[in-house]
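The structure under discussion appears below in the form of structure tokens.
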């Protein structure tokens, strides 16, 4: 810990917290920390503080600058709308947690505060500015190393907290819980909960003394505020504050009489993680001192103990905590004095855990309280509360030294709790719990669990393994105690623990931190035994041994030969995996000593110690005895029993035989012959008697002293186990005997177990185990003897039968009124009910008499005279009834078909089911009227119905229990109701939306976490139950019916987990669920989401949604934010960062990412001047992009003045032009400034930096020329800029300032980079627009008119003209043809041209980019239109010119679009480089091909290139339509002549080309106005669609340049008007206009802005609705006709061969699927299933499956076979019928839509 202080630079000696609490959900105040520096170079104090709002900070009374950054509250990802980004969110969540380790609050020490070294030690520091620090007795552990100490400084932090998510829980009344009492408390809701309510050093090992001051209202209901007397609140509870530490005083507020101040002090050094408080109108219950304790009789030395509860729970409080004083006395006596001054228990609501232990205070859930009538809850409450007090000794006062020592602290706390349970409940209960815990450890520690202590692991224990550590650790300490006690000089841990606790109180233990090493060293000193071997096996190693023992008696040697074999299952698991062996450290062999105990015939135990040093060994144990085994039912035996009776009465002579008495002696009903007959008691046979008499010992106990955590299998005779059960007083021996006897059922065992239940001398846990073991004897082989005994045992609780010998299998069991005063009988009775319900026939069903018995117990239950509650007893009966009604054997294979999901029931079963449901429903109604304890009966009823619905006995009706999941119900009821929901198809959209809403918004943290955890677990359960299909192949249906479905399903379940996850992700209802994809990430990103819920959501996303691949992060060193003027980080100067920027602007202008050109480097300050080599010829749409950018042909640009089209010009102020800036530049700068201010990354740049407000005290020392956006705006309006480049220079100055002052990776630095990138893209667009305007205002002398030929596309309302020009070289004039819309450049010939004086660099973009980038208008479209006009005048001069070279070598590049585009694929490049021979040259004139692509294609990388069929010419369209002119298409000489057919864009729009006419029937759909109206209505309802409902107003919407950039505006209102006017002839025309809206939005607005995000959301809805409107399936008439045909065909005798799927086994044709693949197998049933589920989209598809079925039959059987002939007849039959259906549907389609049937066939092909 010393090194931690040195690294941090300071420690805290005292902290004062002053808080005023507002119970509506907020608190405010300040904290005062006494900081002791450890270095004179301390400049910044880093503290932990989350959620808090820091108002001010002072250091030694001087105001200090500070930076507060809570990384968890600012979680964000690149695209919150994309659910595939969940890996990025997970990574950022990890980063945020790591970032908060050093501290979220950084405080700069002011220059006025000097750090002076003090002349005394750290202990006893007196601060002038704070309360004197209390002293801790004992030597100071910090003096182990000489560390310079400094004068402490006092840091005062004023803060507030409102609606906290973690750390503080406000419980207030709500509409659902109107009677809830308001209270507030500190909650352990997250690992860093402490920092969430007070600034501190949130570290378990950072301790200090504490002082608290709480200001609260005197009464929460200030009804009589004017009355000063207290009698005004007689019926109200005053507000009470309970806090860690000791209550100093409670005083009235000096200025407000309605408030009270509570003062607490904690003088013992305590970590902030062990500080808690609670405030509310609590009822106070003092726990009186124990006057009989060993302390002073007056009780003055005993610590004060109080319990607090909310009003309404007072009665339960006293009965729940009355035993706590005895706990305190026991711990104080056994382990030393209590380390604190008092102890408090506070019971609160909404606790996320069962208990939260802090110094002197334990917060407990109110669920632990119980009344005087409780039985079962008493055990749990006493165990929990006694452990809470034990944690004050071990866990609060003493902590683990490192995280790997957690096992020791937790284990010791649980170990000493077990010792108290032994004192309170007896040794039998203690040993029984140890044995049960050992069995659980053996089950878990099989290789999957790590060692309890891993010194190499520095992190806290994994929450998944911590419960296992808490289970195994006290057992390890128990066996350590047993082994230490074997030394003879030690009493085990009873001598070690007092020394440990004493060293902590005296101060000898450094920092009160205990380590495993120091604890083992103490054990060695006390006992003298070296525990290293023990530690290596049980503490540092994993796994448990498995022993096999057998014993035989050697009469020659007079010795018992014991054979031992040991195995290590955990080691076998990792034997061949060195990696896991190193991590898990499984122990190969356990060595040590084991005690065996041989019991002689007279009961004398003979102990022998086996020294285990090898995995296999045979031991010889000498054994001499004068006794022989006692035979039962002999005179000698009876005489000894009589002697034992006499000894019991006081006869000393008969006392020698006392050990012969077994546990059942004196049981009258067992000694009378008549009663033995009534109970059907079985006796040993004569052969058994002879074998028993030949044995020299009664039984042998292995590991008699419980020194091993091991599975021990010992082979000895049945009668020996019976003797062990009857005569061994150890409860573990009795339990082991019952476990073995239950595996060998016979009449004698049944009688013995029955006797065990009857004898009250046995501990009730053993009697309960015996009842469960009797189930194994209730089998038909034994004539149901076990069931007879169970009924006979339960008959004791019923009215006496009239017949002395009733037929128990036909008897009506009417129970007497309940009397639970005998707790042992109560537990035995419950166990009997459970055991009876487990009896089964061989077919898995329960005998009807058992079901009737359980129904009668519910029907006749009478608890009126019972002083104890029968709620849990009723729950046991309901649970047993559910268990008994459900069969335990699964249905046989092929027993019923898929439609019969319910098991077959006879009339008696149906009647019993109705009776059971009626009784259970009656109890449900009773519990609603008279609630049981915690509504346990309702919970049992919910689970009852759940089991019945899962078993298929009743239909699942979620409406019954869905209301119980809502607020207002008890938490356990809600949890059970959610379990019912999760075991059904809860992933339907409506239920899923409700589930996610509960996770996000439910007021109960317990419910939110429970629902989130079970959402993940339920998917695995549903898959394992078969409720969810993990495979989509239809073969499973075919296989299920041939009797092999169960095996197939089991194989699928055992398949790899990855396969299941892939299937879940592909499932439409789960992985493709729109609700999950829409809401999961937003909920996980929300700052008020619970941390555990967030992790569960991410786990759910991992299961259901494929994560997007992330680029590997750069390795950076992150320094916490500091406002101190320390040495600034060495960052590159701004000019070093500038050179890449022009290159980035070139890429955004259209350069490919991989260009064969040499890198083009622009000087830093050059920013694309008007004569830049990049050129100004930018085509308007990206559809003509071409990937062949490597060939650079530099040409000059012919500037043509564009016609000015700026609607509604905003008048400019003349003052802005005082320095000579042009009006166009001013408009551009204003537009840029406005967009910059609206950017989401510009928040920190809007105003000048204020060193105080922004907590940057040294800002102006580092930054000499500050700049911000508001200053730039002021300079712009006041005319201080001479040109726009000055405006740009100021922006770069502002960005460079931000990068210089803020370290890389910080929030401001990242925002500066993002804003700079946005500005660069914006400035390129502005520059090109202004350059075009300047050229229009000052035209140059043009060269002779010669330009590239451009095929102009007709431009209807939803299309855009794509043009390009290029001035030819002196030797050749290239001809360029652009096929707009498909991105294919069709120019196979280039004509020679006259020389030109200038050159321009023109680029071709790539085909793959065409549909991926939305149109970006740069103002050059009008310029290109003028160029086109000039070109048309020169068309005649180029008609007869031949091309000089192939297109691949001479084609110039065209700059298309403005943004960076992804790489083109190889196929795209080849498709563009090689002209298609089938293409019609005049295709570019077709209207639909000029439509801009849908906007979303940019994000989907062209994967869905054809959203609408008219938008982009698909591959089939290219192959089919242009076949006619293919004879002239490839001729290069004819290429220049094709453009002459276009006489202008207006003419082309009016008169489509023949290609379009021929293609339209196959690609267009007549408009359906109703569908279009529905789509518009759905889009208009989207909240984000508000900005698209009306046309853009440049003035009102603040975008004066909108109509400069957007030439074809469109909005939803205009579309609606056009729809009403009948302007749309096809659905595709309607789709073009909708997509034009989205394209315009993305063109004008940069990505990630609000309008662009709105477009993304609207587009998602548009895609979904458009797909619904255009999806294809059979018409209703077609489907009905086919179904009618199938019905007739199935009953036709000719179809008998084809009705069912082929079963190769049943038909004796095992090679069928070798000839006919399974995927091609068809039959009439399969075809009918596909028809009913709409799998066919046309009659042809249906016919194709029928043909395949016939072909399969002929192929396998031969055409001449009988089956082949039948197949041909069947084919002729259905061909005739289908031709009629097809012709009628064709006529109908022709009349309705005008679309001939061959068009559909073409699409199907």
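Keep in mind that glycine also has a Cβ here, set from the backbone N, Cα and C atoms.
In TrEMBL, the region 'Disordered' annotation falls on 1337-1374 of the listed ranges 1261-1298, 1299-1336, 1337-1374. Of all ranges given (1756-1780, 1781-1805), TrEMBL attaches the label region 'Disordered' to 1781-1805. In TrEMBL, the feature region 'Disordered' is placed on 1387-1421, out of the ranges 1037-1071, 1072-1106, 1387-1421. DSSP labels the residues of the domain 'Bromo' (1237-1309) in these numbers: 39 helix, 0 strand, 34 coil.
Residue counts for the domain 'Bromo' (1690-1764) under DSSP (helix as H, G, I; strand as E, B; rest coil) come to 50 helix, 0 strand, 25 coil. Averaged over the domain 'Bromo' (1690-1764), the predicted model reaches a pLDDT of 86. DSSP assignment over the domain 'Bromo' (1580-1652) gives 42 helix, 1 strand, 30 coil.
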